[in-house]
Amino acid sequence: MRFRSLISLLFLLFFTSSAYARFVSLHPSSTSLISDGIDGGSNLDGGSGSVIKTVVSAPAEEKEEACEQTYGFMPCTKTALGNVFLILVYGFLMFTAATYLSAGSELLLEILGPGIVGGLFLPMLGALPDAMLIMVSGLSGDAATAQSQVSVGMGLLAGSTVMLLTVIWGTCTVVGKCDLRDSIAVNNQDTKGFHLKDSGVTVDIWTSYAARIMAISVIPFVIVQLPQMLGSTSGRQLSVLVALILSVLMLISYCVYQVFQPWIQRRRLAFAKHKHVISGILKHLKQHALGRLLDDEGQPDEHVIRRLFETIDANKDGHLSAAELKALIIGISFEEIDFDKDDAVGKLLQDFDKTLDEQVDEEEFVRGIKHWLIQAMGGAPSGPDAGPRTMKFLDNFHVQTKREHALLGDNENGENDEEGEGGEVADPKWVTIKAALLLLLGAAIAAAFADPLVDTVNNFSAATGIPSFFISFIALPLATNSSEAVSAIIFASRKKIRTASLTFSEICGGVTMNNILCLSVFLAIVYLRGLTWNFSSEVLVILIVCLVMGGFASFRTTYPLWTCFIAYLLYPFSLGLVYILDYWFGWS
């Protein structure tokens with residue numbers, strides 16, 4: 001269906017393209033003669049001879065510049081309305097390219113998994129349309145033309161970042177809101193309506209890390225802006241080069257981190273599950289202990305712990321075998337998590353068995369339980385009332401462990417297939433071919449129509465007098481980021497902690513790629529072509545939005561509904577700030 005729509009659109013543009021010819025008019029006093037090539041016919045006075053038409057040539061200053069068709073068949077225009085039509089057409093084509101790139105990336109994700117694809121292909125392919133537009137905006141014509149057109153690239157870069165962190169962020173918060181209970185969103189429960197405090201979304205801890213990386217990724221902007229901040233005209237090219245090198249290094253580092261993140265996440269999740277097992281065992285032992293686990297001074301009571309060892313040692317041989325430890329775990333109801341019982345036994349032996357004889361004697365058991373109790377108490381002060389409050393310590397430890405486990409984004413109830421992250425692929429070869437074709441088609445469309453879109457934006461700016469920066473700031477991100485926006489909103493609408501985490505992580509990742517990949521392309525063009533970096537107000541807007549939203553998301557994992565208003569208000573604030581700084585204060 002998409003291919004059929006694309007072909008139909010190209011035919012429509014072909015048949016609506018304009019034809020051009022010389023203008024011939026009659027004027028009795030003209031001496032310029034044009035023959036129609038017919039001999040022997042009647043002339044205008046009724047006589048014989050050639051038919052002669054008179055022509056008046058228009059003055060040179062009244063001749064309009066010829067309108068050049070793109071690729072020889074795409075229509076062209078010099079009017080504002082015509083350029084609006086072309087912006088919509090080219091924007092739709094760039095949206096189509098972004099859609100194909102997104103679809104191909106998702107298919108690769110099914111084959112190769114989240115490490116390589118999620119770390120390398122998805123972020124880069126998502127930023128490819130933006131990078132294409134930025135590149136062609138600085139490569140067109142001579143240096144003077146490139147300097148005038150490069151504002152289109154900066155407008156796209158700033159507009160994409162601001163739109164993702166404001167309009168899309170706020171919309172995802174509204175669409176994905178759930179009831180908040182103990183400051184955590186309850187999956188699939190939305191009964192509080194639009195309550196500003198008791199309704200919102202919760203994300204995992206990895207989203208906070210993504211937000212911190214996003215905030216750090218603005219450093220190259222600061223470096224390239226240093227000469228302007230210091231009021232110096234020298235060293236601008238050097239600052240561009242340093243910022244370019246740093247942004248490339250950050251891009252490589254970010255991709256490496258994304259590749260290894262699934263492994264890191266699995267390790268941390270396994271540790272969280274083990275901690276959950278520890279919490280469950282401690283609560284179970286407290287309920288079955290003949291006395292308090294902590295004495296009156298708040299220290300682990302060895303006498304009580306030894307009696308617990310005797311109750312667990314079923315065959316009374318003075319050792320706890322792997323089978324007896326597994327029986328202990330099975331006897332405890334762990335309804336909140338799903339974990340491998342044999343793996344849990346192996347981790348328990350690592351905690352207790354210091355002699356490496358595959359069993360736990362009484363002294364090892366006492367030493368291990370004492371270590372667990374101290375860990376559960378955390379930094380709580382010991383004292384005369386610590387013994388009676390043993391259960392409170394253990395309950396708090398259990399709640400904290402449960403929250404940590406949830407924030408690590410464990411995929412509960414086997415939802416992998418539902419989220420489109422894994423599962424067996426029926427025909428890997430065909431899926432790989434299909435993914436490659438979609439990626440090639442998307443890249444080809446983006447490469448073919450990026451330059452015409454930039455030219456059209458400049459033509460519309462010339463026809464209306466509106467600065468090209470503001471056109472690209474508002475219009476172009478709608479085309480290049482629309483597929484990411486739709487994907488994020490769809491994920492958010494599923495109203496789960498896991499899907500909300502994927503949504504906001506995708507937003508932060510998209511902005512990070514703008515700040516390092518797209519900026520690297522931009523800086524490379526500025527440096528290689530010797531252009532002038534004069535985007536102080538635009539850089540300030542990017543810094544404000546990234547640091548405000550990145551700082552907010554870095555230190556909290558729950559976003560109440562009222563936070564969407566902060567995101568929404570930042571969009572008009574950003575646009576107004578650039579206008580005021582550029583046209584009232586003359587920033588550059």
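If you go along the chain as it appears here, the first residue is 1 and each next one adds 1.
Glycine too: its Cβ is placed from the backbone N, Cα and C atoms.
TrEMBL annotations:
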SIGNAL    1-21  signal peptide
TRANSMEM  80-103  transmembrane segment
TRANSMEM  115-136  transmembrane segment
TRANSMEM  156-175  transmembrane segment
TRANSMEM  209-226  transmembrane segment
TRANSMEM  238-260  transmembrane segment
DOMAIN    300-335  domain 'EF-hand'
TRANSMEM  431-450  transmembrane segment
TRANSMEM  470-492  transmembrane segment
TRANSMEM  504-527  transmembrane segment
TRANSMEM  533-553  transmembrane segment
TRANSMEM  565-585  transmembrane segment
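Across 209-226, 238-260, 470-492, the stretch most heavily in contact with the transmembrane segment (156-175), judged by Cβ pairs under 8 Å, is 470-492. Per DSSP, the secondary structure of the domain 'EF-hand' (300-335) breaks down as 21 helix, 3 strand, 12 coil. The stretch in closest packing with the transmembrane segment (533-553), judged by the count of Cβ pairs under 8 Å and taken from 80-103, 209-226, 431-450, 565-585, is 209-226.
Between the transmembrane segment (565-585) and the transmembrane segment (470-492), the number of CB pairs under 8 angstroms, six or more residues apart, is three or more, so the stretches are in contact. Mean pLDDT across the domain 'EF-hand' (300-335) comes to 74 in this model.
The transmembrane segment (80-103) makes contact with the transmembrane segment (470-492): 3 or more of their CB pairs lie within 8 A, with pairs spaced 6 or more apart in sequence.
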